[in-house]
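One structure is given below, encoded as structure tokens.
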Amino acid sequence: MATRDTSHNSDISKMKASADGSFNRLPSLFRDFIEPGGKFAPEKGRYHLYVSYACPWATRALIVRKLKGLEDIIPVTIVSPKMGANGWPFASVDAFPGAEADPLFGAEHVKDLYLRANPDYDRRFTVPFIWDKTNNTIVNNESSEIIRMLNTAFNDIIPADKATLDLYPAEHRAEIDSVNDWVYSEINNGVYRAGFATQQEAYESAVKIVFAGLDKVEKILTGKDYLVGNVLTEADVRLWVTIIRFDPVYVGHFKCNFNTIRAGYPEINRWMKALYWKNPAFKDSTDFDHIKTHYYWSHPQINGTRIVPAGPIPHIEPL
Ligand SMILES: N[C@@H](CCC(=O)N[C@@H](CS)C(=O)NCC(=O)O)C(=O)O
């Protein structure tokens, strides 16, 4: 067990903003790839996925794992949504409904696994990440790369109908990359830049960017079921995880309140609802209790009372 003080990396209420009050996300550090013939070969049962239902980045991985039918190949563990001074706890120390204990090492917190993989690790202890039971380390903790791996690495050992599902098809890659790029900075990370800003100007410039991004998406989705090429791609997955949290969390907690998705963005709302109600990979990866509790409980620097709002009612509208 580590004796080093890592609380500056585990306690989000101690997180430092830049001098101008803006939030800067640092790059993830474990960046290996699962690939046939590589150090991390695709094998059933060798890898373990750690996620929170609360976290949009982790939910990307949960959705793609289900879409690709990888449930038996890569088991998953759900942490408690109440991220405190030691970061994400497992159910053994915080038995929140739906949270689970760490099945591999009985770890109390996610940070214990990071420090087991690398005792000198000096970044945030984030979900999602993939653990390799053979090398006893973290393969990757960057969701954009995790979903790429899940899309292709296991194709030889899953049923053909799942193997042929390609969320990053060659003919659409350039467009997917370009959509991902601005969706990440303006929307996925944009809501965090608004919510974690510590000065008025930094907040205002961030929140305007979020809504300009949503206006762009609303136009793109008009009369369409998917963002790129009229097929489901990773671009939809990556945007969806932010949109599903928008009315329940980002409008209030992150002060992104120029409008709501349900009142102000009918095309985005239609697209979000269709994926949620018609595709179990999306609905089964969504837990509004974990989502709302996480944000409103875990950021006392933003919500000192830790009261979790009861609405919106409903969390997502019916079809
Ligand atoms: N770049 C990472 C970001 C992951 C991330 O920031 N996850 C958040 C939860 S939404 C986290 O675990 N934060 C813990 C902390 O910062 O202490 C990814 O996309 O995988």
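Yeah, the Cβs are placed from backbone N, Cα and C, and that goes for glycine too.
Remember, TrEMBL labels are computer predictions, not curated facts.
According to TrEMBL, the protein carries these features:
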ACT_SITE  CYS55  active site, nucleophile
BINDING   TRP88, ARG124, PHE125, THR126, VAL127, GLU142, SER143  glutathione binding site
DOMAIN    169-295  domain 'GST C-terminal'
ACT_SITE  TYR192  active site, proton donor/acceptor
SITE      TYR250  site 'Lowers pKa of active site Cys'
SITE      TYR295  site 'Lowers pKa of active site Cys'
Glutathione binding residues TRP88, ARG124, PHE125, THR126, VAL127, GLU142, SER143: largest Cα-Cα distance, in Å and rounded to whole number: 17
Sparsest-packed of the listed recorded positions (TRP88, PHE125, TYR295) - C-beta count within 10 angstroms: PHE125
Cα-Cα distance linking TYR192 (active site, proton donor/acceptor) and ARG124 (glutathione binding site), given in Å to the nearest integer: 15
Top Cα neighbour of GLU142 (glutathione binding site) in the set of recorded positions CYS55, TYR192, TYR250, TYR295: CYS55
10 Å Cα neighbourhood of CYS55 (active site, nucleophile): matching recorded positions from TRP88, VAL127, TYR295: VAL127, TYR295
The residue listed as 'active site, proton donor/acceptor' as reference: those recorded positions from TRP88, PHE125, SER143, TYR250, TYR295 with C-alpha within 10 Å of it: TYR250
Surrounding CB atoms that lie within 10 Å of the CB of GLU142 (glutathione binding site), all protein chains: 18
Between SER143 (glutathione binding site) and TYR295 (site 'Lowers pKa of active site Cys'), the C-alpha gap once rounded to whole angstrom: 19
Nearest of the recorded positions (TRP88, PHE125, THR126, VAL127, TYR295) to TYR250 (site 'Lowers pKa of active site Cys') - Cα to Cα: TYR295
Residues satisfying Cβ distance under 8 Å from THR126 (glutathione binding site), sequence separation of at least 6: SER28, TRP57, VAL110, ASN141
Rounded inter-Cα distance in Å - VAL127 (glutathione binding site), TYR295 (site 'Lowers pKa of active site Cys'): 14
Pairwise CA distance, TRP88 (glutathione binding site) versus TYR295 (site 'Lowers pKa of active site Cys'), rounded so that it is a whole Å: 12
